[in-house]
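Enquirer: Residues or ranges marked as ATP binding site by Swiss-Prot: 30-37, 149-152, 178, 186-189. Taken from Swiss-Prot, the feature active site, proton donor applies to 37. Sequence annotations record features per position, and here Swiss-Prot assigns (R)-pantoate binding site to 61, 155 based on sequence analysis. Residues or ranges marked as beta-alanine binding site by Swiss-Prot: 61.
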């Protein structure tokens, strides 16, 4: 497995693969890799000849400097895991290589229809940072396919829209959320949980699934459902952050024409902000 840190060497390798007619898959990450990331790599391997994994803690998508400073950086362990899963290249650049003019003078790519609603409303600039770095990686690596986790539902929707609007010829693959045996969605931020909090954490998905079941049975009192879920989260020890039920395709409020809903949940447990989502078929 190749480990490349500079843009010229990356371009050279991508050019070589392109000349050889290789199909390239991209898995963008911020490192601190877990089994969920490995599932993305495994999926990418089935769809391409070579798999490029990027490891870059993107400063543009952090609104709090302390969050950026404390984000775990585990490059050596990450590379060992990726070697075992058969990745072909790890691109791990420095921020100065990605943003040579500095963050203040950086050109941005924004998807305003999706970047300022829901989670974007409470995290200003976050999704603009995501779309900017992903478009930059698309330009550098020129993948045929890119794999993203469905756990970050709004992020995946944003990237799909950016690809459609910007005319990228890239197949965007959403990979189902990987969960621990007790139902907790795998996340790099689970490492912030204490032992006691880790026992409580699966309640987030359980409360979400109970809500989804009520909707599947025909319940449509959205405000009441969300209030009940928030109260349940508080009771078990969470601080609810964001709870939404939206049209799965548009991320706008449900209408009579909505065929599928998505439940989007974010809640704090100690120092960890946990997120999860669940699709609900409304066509019954």
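Heads up, the Cβ atoms here are built off N, Cα and C, so glycines get one too.
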Enquirer: If one measures from the C-alpha of residue 178 (ATP binding site) to the C-alpha of residue 37 (active site, proton donor), what distance in angstrom results, rounded to a whole number?
Expert: 9
Enquirer: Would you mind listing, in sequence order, the residues at least six apart from residue 61 ((R)-pantoate binding site) in the same chain with a Cβ closer than 8 Å to its Cβ?
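Expert: Residues satisfying the criterion: 125, 126, 127, 129, 130, 133.
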Enquirer: Measure from the CA atom of the residue listed as 'active site, proton donor' to the CA atom of residue 155 ((R)-pantoate binding site) and give the result in Å, rounded to a whole number.
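Expert: Roughly 15 Å, rounded to the nearest whole number.
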Enquirer: Can you tell me how far the Cα of residue 150 (ATP binding site) sits from the Cα of residue 37 (active site, proton donor), in Å?
Expert: 11
Enquirer: I need the CA-to-CA distance for residue 37 (active site, proton donor) versus residue 188 (ATP binding site), whole Å please.
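Expert: Between the alpha carbons of residue 37 (active site, proton donor) and residue 188 (ATP binding site) there are 10 Å.
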Enquirer: Need the DSSP three-state call for residue 30 (ATP binding site) to compare against my parser.
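Expert: Looking at the DSSP assignment, residue 30 (ATP binding site) belongs to neither helix nor strand, so coil.
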Enquirer: Near residue 36 (ATP binding site), which residues of its chain come within a Cβ-Cβ distance under 8 Å, counting only those 6 or more away in sequence?
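Expert: Non-local contacts for residue 36 (ATP binding site): 149, 151, 177, 178, 185, 186, 187.
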Enquirer: Could you tell me which of these binding-site residues, 30, 33, 178, has the greatest number of Cβ atoms within 10 Å of its own Cβ?
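Expert: Output for this query is 33.
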Enquirer: Run through the Cβ atoms and count how many others sit within 10 Å of the one on residue 155 ((R)-pantoate binding site).
Expert: 23
Enquirer: Would you find the one among the recorded positions 37, 150, 188 whose Cβ has the most company, meaning other Cβ atoms within 10 Å?
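Expert: Top count of Cβ atoms within 10 Å goes to 37.
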